[in-house]
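As written in TrEMBL, here are the features:
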- 3-164: domain '6-phosphogluconate dehydrogenase NADP-binding' (DOMAIN)
- 167-277: domain '3-hydroxyisobutyrate dehydrogenase-like NAD-binding' (DOMAIN)
- 173: active site (ACT_SITE)
């Protein structure tokens, strides 16, 4: 089995991914970022601890990065004591974060100059599926690299999509997240308008659930009507960041992003109203604050 380096194992997604790799028999080395308690069980299960990302780059065949976004990826790869400080020849870096395509392209060039291959393979699903080894991934890589890393991806993924060449993974991920957050923001707004209009939003859920508009995302937002604000375990501020990356992508291509900007501003408003560190369904709490509509019971 390949020796895998993992950066970001203390995060909600990264922890489950690292655990799944260990369960599949991979050797896993970790960097510990601040909260050692979050990875104590991984170390007990056989993971080893590396002092720096650079150490992982020297000693591992594959390094997986699962951090918040582009600034953090740039730091752990190209910063002081980063993976690219003195990497092993032939190293492959699998970048699973939701990142800006322009940043990924620059890092890919920096990696290539050191003999390192950078693969963008962002994730879908939740920390629950991460712990089960059942994530989805969208992979941007050439055919040979994709074939070489597939056994590693199978260590934490159920569905693996080869969506194109280098860079395609991060583009598809941003498109996917934009659509998801558009549904979330539209649903929260619709609930508020319905309540202000004097109708029961649960009746809207009945109608949508029986038709083509229905989706898993909508159903997760519908749980807010019974007081469940954790149907989507994804921090609102991270959603805001992802949609901003999407609008940057569209702007760079000279494509108007009218809906994208509206979705981003809805998320930014919710964050400004104190909901940013909560999960995305807290959009309904922001709508309550904004409109006076009572949506969540209690």
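Glycine is treated like the rest: Cβ placed from N, Cα and C.
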Q | Neighbourhood of the residue listed as 'active site' by C-beta distance under 8 A, where only residues 6 or more apart in the same chain count | A | 98, 122, 123, 124, 138
Q. What counts of helix, strand and coil residues does DSSP assign across the domain '3-hydroxyisobutyrate dehydrogenase-like NAD-binding' (167-277)?
A. 84 helix, 1 strand, 26 coil
